[in-house]
Every structure is written in C-alpha cells, then in structure tokens.
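Visitor: First the structure, which I've put down as structure tokens, then a few questions once you've had a look.
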C-alpha cells in the first residue's frame, strides 16, 4: 500500500501530538479533593465528643476575632522580616515581632511558587498542582470550597484591593474591590498606590469584617532587578509604613468588651536570588507569617520563628472567624492562636480540625484506617469524650487539667500525621494514559521513511495484518487493558471509554507496530551508510563510524542516561559544558589530521570555504589557503575560550546558583560604564556578523534596530550614553522598544518575501538562502532587544562561533548533515544554560514579556517570554536550517535528514523525562524541575518535526517542478 510521503509524515505528527497529550493528561496530577460536591456548612459540624449514651450538642466556641485584615505582600521573603536586615527594611514590623502582641512563623509554600496557586492554597487549604502554573495566566473562578465563600455565606462583609487574580477567582464575593493587573512587571509604583489610596477611607469605616490587601510592587522589583536591588529597601519601608497605618487604625477602633481584631502579614511566595519564583529553593518557599492581635501575649524579646505550612493559615482563620474549615484543606490549626482560650475551646477547635482531616483522608485513601494519624485521632477523640464527661460533671481537679493537656497533645500529633499523609498525596496519576502516550513515541521511528526524499512510502499493511505477531500483540494489549481496568483502585481515562473503542485502538496500535517493524527489517540490510563522504569510510560496506560519530552518539545517549539522577538534572548544564568542550577537542583533532597528517596524500582538491562565495574560482592563492588553515586551526580553541568565559557570566543550576558571577558584577551600579561599553561593542559586532548576507535594505534596518536596542537599554537605566548622567530618571522604554519592533517586522517581511519568491516565482537558490538569512537576522535583532544588557555577550559569542564553525569547520571538513545537526543541537543546549537558564521554572525571566508594552497583553507577553528563554536552542536550530539550505552541492534532501536527526534528538530526552518523572512522581522537587523541561522537550519535538515536514515538502515540490 503506497501513501504519499507528506501524508504519511503528517499522520505520524498527528499521532505524536496525541501521544504527548495523553501523557500530559496522566502526568499532571488531579488535585486532592473531597468526593462531596457540596461545601461544608455549620449544620454539618460534628457533635462535641462525650462518653456515654446521650449525644452531646454540636456547640461551637465563640469566634476569636471580630475583624481580620490580611496584608499579603507578593514575593515577601522571610529574611526581609526575620533576617539580619529586618530592622532596617521593616522596623515597625520587626518591633511588633520582638515586643508586640504577636505570633511569628516561617510559612513554607509548596511548589509551584506562583501567585495563583498560592492564593488557592491560602483560601482552600489544599495543595495546587503544577497545571495551575498555566492556569495562572488566565485564572478561572474557584468553585471548590474555600474560605472566601464560607465568609460570604456566613454574612461576612469583605473588601479587597490589589492583584486582580482574587477578583477572577472569587467573582461577586466582595462588596467592594479594586483589582490591578499582576503581570505588567515594569510597574512597581502605581500598582501599589492603587491599593494604598483606598486605605484611609476604608479604615475609618465600620461596615466591613474582612479586608484583604495584595501588594505587587515588591514582586515586580524582584523580576526587574533581583532581591539585592537598591529598590528593595524603599519598597519594604513603604510596606512597613502601611502596616503601621493599618495597625494604628485597628487599635483606635477597638471597642471595650468586643472581640479583638487580627492583622495578618504574609507573603504568597518568596524570591530566588535572581528575583524570580516558581521553584522549590529555600528563598522561594520560605515566607514570613506575622499574626498581630491583642488576644495574644506580649512578647519579651526576639524568638526564633516556628515553621508552619502555608496552608495552616486556612483552618486557623476559618475557626478564628467561626466558619467551617474548607473540605479540601490539608492544613492544621496553628496552636499558638488558641493560647488565651479555655481548654475546652482549644480541644473543640482541634477536634473540628481533626474531623475535617479525617473525612478528607477517608475520601482520598482506600486504606485510610491503616494511617497512623487516623488511628491517633480516634484515640484522641475517645479520650476527649472521657474528659468532657468529667468536665460536665463539675470535676475541677488537677488530674482533669493534666488529662486535658494530654488529649491536646494527642490531637496535635494526630493532626500533624494526617496533614502530612494528605500532603504527600499531591495528586492521583493516570499511569495508564502516561504509558500509552509514551508508547506512541515509537511512531517516530517511521520518520526516516517520510523524510527519505521518495514521493511515496510503501506500507506493508497486508503482510503485517496477516502475521502472527499482530494477533499475539492484540491479545497481549487487550489482556493488559482488562487487567488494569478490573483491578485498579483509581479511575483511568481509558477505562472510562467503551470497550469497542478501546479494542479498536488496540488493533490499530498493534497493526502500526507490526508495520513499523516490517519497514525496519526491510530497510535495515539495504540501508545506506551513515557516512559516505570521506574516502576513508566509503571503501567498506555497511555501517562505518568515525571517532567523531562515536563521540556524538555516546554523548547524546550518555546525557540522556544521566537524567536518572536528580542531581544531574539540577546541574544538567555541567554535562553540556563538558560535552561541548570535548566536542571542540575532537574537532580540533580532525582539523589537525586534515592539515598535517593527511595533507601530503590528499592533494589540493578543496572546495570553496565560504558558503556565501560560491562564485569564486576553486583555486585559491597559497597565502589565502594558509590563512584559512590557521583560522580553521584557531576556531576550536577560540570556541573553548568563549565557552569558558560564558560559563562565568551566569551562575545557574541549584548548588552554586547563589554564588556571585560576572553578570552580577556588571549589573552593579558602580560598573554601569563598563556594562555600557561592553553592550555597545557587542551590538557593533552583532551587526558585522549578521549583515554580511543581507540586502542593503535589511542592513540599514538592522543598524537602526541595534541602535534602538541600545537606546532602549539606556532608557530603562541599564546602560548609559556618553552625555547621560547616571542619576537620570529611568522610564519604561516603550517608545524605544516599539521603534526596534518596526525594524524587526521590516526585516522579517523582506526575508519572507524573498523566501516565497524563491519557492513560487523563481527557482533561485541564492534568493532562498538570502531570504532564510534575513529571517534569521530579524530573529537575532529581536533576541538582542529581549536579552538583558549583561547577556549580550552570549548572543555575540553565539553568532561568532556559528560564523567560524560554518566557514572553517563544517564546510571545510565535509561534515554531513547528521553530524552538523547533532553539533548544532549540542551548541543550542549549552547556550540555553549560558543565558543563565536552568531546569527550574524560577529562572524564567518574565519581565522580557513586557518589553514595549504599556499594559498586560497575554499573547505577546507569553511569546516574548518563551522566545527569550529558549533563544539559544532556537538560534542554533534556525542557523542549522540556513546552513543546510546553503549547501547546494549536497543532495536536495540533506535538509530533511538534518531536521529528522534534530527531531530524533529532541525525542530522546523527552522520552527519558517521561520515564524518570513516572518513576520519581512522588518527589516534590520533581514538579519544579521536570515539568517545564518536559513541556519544553515535548513542544520542541512537535515544532521541529513540523518544520522538517514543511521544508521536506518544499524540497520535494521543488525537485518535482525541476524534473
């Protein structure tokens, strides 16, 4: 059965997408939720334990607080309050912590440390999944049981000012609100002034019970300039003054005989050493929690803050306001809040919390009775009933008091055990879908047929369907499905489908696997040699690998195997740095062998070196050949030097990310002149490297665009013009950035026009090569705008290495498309880490998503952030396309083979991450490391395969039109 190659390749891509979607569906955890669809109500609360025949009443203790003010400062790290600089940053808050009526804690936030999941954790008491990072961009209404809904149902009057994520999560819950966008990180002044301007009038009023304030300025400063910026202290002093104003107003409004107020200062997450967040490092997960109320004892001095979970605030606030605890809360009551209440009320509060956790434990664990915390709670509840019986009988002896303290301790131990058990159940994984999606990656083995250059692909459908392995495989898969769906304790997606649909999918999968095996066995004996370009390798038949081939294959496979250890994932950049250095040494050996050992026997049969100078005569002057030889010899050592310098520019990974680097030194205010000179030099060198193959229109646009890049960096205060003073007031640089965008669009338009003309109107290979290069030039200009000033040397070295390797290594040494592709892949991975990136989502710089924007616009912000983050691999992939397309002396399908090789390389680490995440799914750290990497590998795989299909189709149509 013959099928067109493009149709077959499209078919493979579609099923690759389905496989990735299936895996992601099973990979992202289903949040831990109660099986009851309704929400907790006061009428559903359990009765107070009492030993005896007559049931006790469901009496609730009196609420602890009348008014609650929650001041949430985004990205507030615990060391900003409790650290050595706490007295300087927030003096009034620190005084309340040391001498006031307060309780202080270090509240640990669970990854992902992103705003929307943290708000959900604070209000529901549950632990959100990593999928909430994606939902953070467009937060839907929160439907599950939460503290805000409970307060509204109980008639509490709530006011909110700040991050509009709250307004989207809780629509129609606040009687008054004013939301501000949280994504426009360039603004750190107005975003807080819009909150503070309401305070004076609101604090004078008596028509509210709960006031929530969410300040964003500190988080925005962190994204822009990091936690050690000169802007941090003024912002923290501003927050401290606001806390003082709120506290003074609450004290003045306190009436004698009424319930006390509660002022809560907290952060949703911390801030990494680079100013970002999202991961699981200590600065990101440790946040301060300060509770200020006249109901607490006055402190006598600074005490080391106790450590609690951030979700513990949810049941504490709920019971303090006389509300039911949210059904899905895994938090436990903070005992210090109850210190001034009676022993009976303390036991009752802990009993209510324990009852809620035990109910959630029953819903989430089939063998809940085996949990130690559940058994401890039952024992404590019985002891509580005995204590209540003696208490109601009027017993006032010391024995009763000691017994009550013992019950209190039992409750606290039970709550800690149940909360810990529930927290470990981060979600239920659909392992069936994950494995099924992973198996679909096998279809990638059919891509060589689709990219082989043939117009049609011969599929052995009938022999495969009539073979014995087909029926055995169908029987095996059907048996596995029946076994999984009849014995599993958790629901699987495939088990919910009809049996007919499942068995049809089983038959189809078995047939595809048999067809692929038949194609592979048919092709293997007659398969072409990997390397047919060198005389030393064309003399023998079959497979022949050079030393460089062994290095490339062993390095790629070895890097994939290294992902079996989490430490190698944390420090993956070290592996790529090592592989890149080894590659440079291997290339240097090839260069030396060519020019010294083989020179006497090879003669002077050399092709032109420069891909852009194809019209030159084949014979070069001897002096020129000599200079080219020494340039080729100098290229690998020069590349090694560049890589070593770039390693010192940005510290990345986990273990050494906190150490100072050249980037921090350049960004300091006293070295701004050095940074300005370096940025100017890099922009000039970028122009010289990129303009050589552009049209004169694109050259002018590129020069003006790079000038606009420097003007933008000067406007935002990163660099200086010679006539500019360092104390000049900075701006957002919106006009300058938009000026650059105009030239970027112009260059991309010119390149696209030339590319389309070469494919549709004229079959001009030179015009096609120029069009591709101009598109690449527009991309370089965009990346130079998005990169921070200290990262411009990364882009500069990237272009310089590409130029030298293309002119003196890949073309001169006759490396084939597969070798060139793997080298581009290695360089792209290394430059991803040279930028300062890591496998932790906290290293994503979201501030670049707002370059040239005056307000938050979702689509361009996501596009710019993703482009800046993956600029290294993207630039090397685009250069690969430009380089292979310029090699007109090669076969017309060289580009297709190169793209296939790159797609195969992308699939190897993606499959490895799938296996490793499946094996290590219970580790909390995996969420902050593997998830963004997995998404990146999966999406990059589909994108690469799609580009390969597009260019291969163009090559085939071009070849058919010429014939």
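Placement of Cβ uses the backbone N, Cα and C atoms for every residue, glycine included.
A TrEMBL annotation is a machine prediction, not a hand-curated record.
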Visitor: Select from 636-657, 702-723, 768-789, 790-811 the stretch of residues annotated by TrEMBL as transmembrane segment.
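Guide: Matching range for transmembrane segment: 702-723.
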Visitor: Which range, 381-406, 459-484, 537-562, does TrEMBL list as transmembrane segment?
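Guide: When 381-406, 459-484, 537-562 are checked in TrEMBL, transmembrane segment belongs to 459-484.
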Visitor: Check the domain 'GPI ethanolamine phosphate transferase 2 C-terminal' (635-938) for me and report the mean pLDDT.
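Guide: Over the domain 'GPI ethanolamine phosphate transferase 2 C-terminal' (635-938), the predicted model scores a mean pLDDT of 81.
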Visitor: What residues in the same chain, six or more past the boundaries of the transmembrane segment (735-751), come closer than 8 Å to it by Cβ-Cβ distance?
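Guide: Apart from its flanks, the transmembrane segment (735-751) reaches 694-695, 697-698, 701-702, 704-705, 708-709, 711-712, 715, 770-779, 781-782, 785, 851-852.
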